[in-house]
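Below you'll find the structure, written out as structure tokens, and then a few comments.
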């Protein structure tokens, strides 16, 4: 029977795991590229407070050692103590399970609704930005606005723990910073990278702005842009625009 011996007096469970994250590289082959799934995992690991390394992968010229490590796999993926994991949803579940309290933060939302808030936005945005028919533009824009409005309403609606049943004050609007409260959760790691893409690309290729009246969304984005976990894992606006230069269709009659 093999025994797992403690190293340097550390028990097995006390050792820091060896984690490497591989993300899509930008157009220069080195910087962070446009990939909401890469940013999602990058944010999760950062928020967990675990030590990890990040490598950008140039999809135009995959290095041979990467082909050997994860043949046929596109980033993002991770190696966790040398074990390769490639499915983003399963990686999220795995990290939440193994990087757990008391040593690491729990990132699952307390309110199930936070997981699904804004889930339709990216699909509506994709249909809007890929459309080339002027006569369809207005209806597709309305569809996008409707999903944004739904998210805005969720962000402005007080969560149960914002309401004090013993208080005489009637709280009509939420003041929370993120989807599930004042701290980021897995739900934010999923939605924020996509919402940022929508903001940047729709402005560049459709001159569309998220309406200022959507105060919940703007409060949400402003709070996200004040956090290193988001801004330091985010591709530059130029990278996002480059990524969509062939995807965004011109409206032609």
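Just so it is clear, glycine is given a Cβ too, placed from its N, Cα and C backbone atoms.
Range with Swiss-Prot annotation transmembrane segment, chosen from 16-36, 37-57, is 37-57.
Taking the C-alpha positions, the distance from residue 244 (phosphotyrosine) to residue 130 (N6-acetyllysine) comes to 10 Å. Counted over every protein chain shown, other Cβ atoms within 10 Å are most numerous around 236 among the modified residues 132, 236.
Residue 236 (phosphoserine) sits 26 Å from residue 132 (phosphoserine), taking the CA atoms of both as reference points.
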